[in-house]
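Student: Encoded as structure tokens, here's the structure I'll be asking about.
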Amino acid sequence: MLSLLLPRTRAFASRRLLSSLAGAGGGSGGGAPRAGSVYAFGDNSHGAVGQPPPASDAYVPTPVPSLPPSVSAVAAGHYHSLAVSADGEVWSWGRNDEGQLGRGLHSPRNTWSNTEQVRGLENVQVRAVSASGVVSAAIGSDGSLWVWGRSKRGQLGLGKDIVEAAVPSRVEALASYDVSKDGKLFGWGYSENGRLGEMGQSTRAPSAEEYMGKTVDKYSSSMMEAVEKMVEDKIRSEDNMPIIWEPSLIHEASHHEVSDVSCGLDHSLIIFSDGVLLSGGDNTYGQLGRKPGLSKLLPVHMSYKPFSVSASVGHSLALCHTSTEGTSGVETGILSWGWNCSSQLGRPGQEDVPTLVNCLSEEKLVSVSAGRVHSVALTSKGEVWTWGSGRNGRLGLGSSIDEAEPCLVDTLEGVQVLQVAAAMDHNLLLVAE
């Protein structure tokens, strides 16, 4: 199964073994993809939770209304959401300032929370979707890649200086590839700090501390405000941007089989089939899993073999095999590293070194997803665990309290979750019918 990862500033496409897609979660063990209904929780200020105004944030998992009865997969962008129906249709809701919902650029804000079918894909049988802050994407059953939205940093991949696609447009640079089978890794978009490897100009972006012009505690509210302002200003900045406008092969991965890839706000993670993990891009918070230094794509030292990764704003998560020789069965665990301002690592200790989240050692984990300052995990039993910042209900635990360790979302008792997807401040769940 292929998946596509689109961060705010760049994109990757590859064959991806993604256990969180429908059919892999809940211990189904393969076979035909399973379908279900969609639940959401967290920040609804842009309508991404799917609750109509004047509905506020959702503090517990809440059904998303007016979707097709059978959904096969979901994707969470920064502030918008996508779903694929069992019939291969794409539905969207949430923020639409950049046209990422596929319903034009001028839809009234009070309609953003409405779930609507994406226009322009009626003749495409969609098998997977992905979402970033400003762009959405879909993969057809024929291996074609379609994108829509607006990005001044080349994230559409449609060619030089093409910054807007009001309706889904095919990425012609990949037309000769079946992106669901070829297994090659392509990248495009903003290439600063080596987040796309050696492609493009290698430059260094200022850290949040430098941005403020003084030394601050990285856990303080002023630091959080500085990070948010830095992100906003980066989006607005258009000067001297190293941009790759069309999909290009990632040289560091050209002689390897890529099994998983994930893009955070400003960093990238790539896993090879032999378990080697590469990281590249910004390392302000240790999210590359190594000491500050070169920001190009380099191997990360790990004690366990990872098989799935998730990157966010400043922290990284990896699912890994933890079984030792001679043990029966396959045991899995979560390695976390990077920014820990709201306990989103789920553990104490050194932050720039990948370290196990011990509280989940008794669970068989099949998927993990990193939000802005929270994290979500799915077990083989179809249970969901969350930790980190509880603001806006993004942990689904009924409160806004931060949690330093993983907590079971017990309001889901009796249902089987097939897929989890964490966005900046909201989450999507695919629940078995």
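Residue 1 is the first one shown; counting continues down the chain.
Glycine is treated like the rest: Cβ placed from N, Cα and C.
Whatever TrEMBL says is automated annotation, not expert-curated.
According to TrEMBL:
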DOMAIN    38-428  domain 'RCC1-like'
REPEAT    36-87  repeat 'RCC1'
REPEAT    88-142  repeat 'RCC1'
REPEAT    143-179  repeat 'RCC1'
REPEAT    183-274  repeat 'RCC1'
REPEAT    275-322  repeat 'RCC1'
REPEAT    332-381  repeat 'RCC1'
REPEAT    382-433  repeat 'RCC1'
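Just tell me what is around each of these and how deep it sits.
Tutor: Residue counts for the repeat 'RCC1' (88-142) under DSSP, helix first, then strand, then coil, are 3 helix, 19 strand, 33 coil.
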Student: How does the repeat 'RCC1' (332-381) divide up by DSSP, counting helix, then strand, then coil residues?
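Tutor: Reading the DSSP string over the repeat 'RCC1' (332-381) gives 3 helix, 21 strand, 26 coil.
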Student: Taking all residues of the repeat 'RCC1' (332-381) together, what is their mean pLDDT?
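Tutor: Over the repeat 'RCC1' (332-381), the predicted model scores a mean pLDDT of 97.
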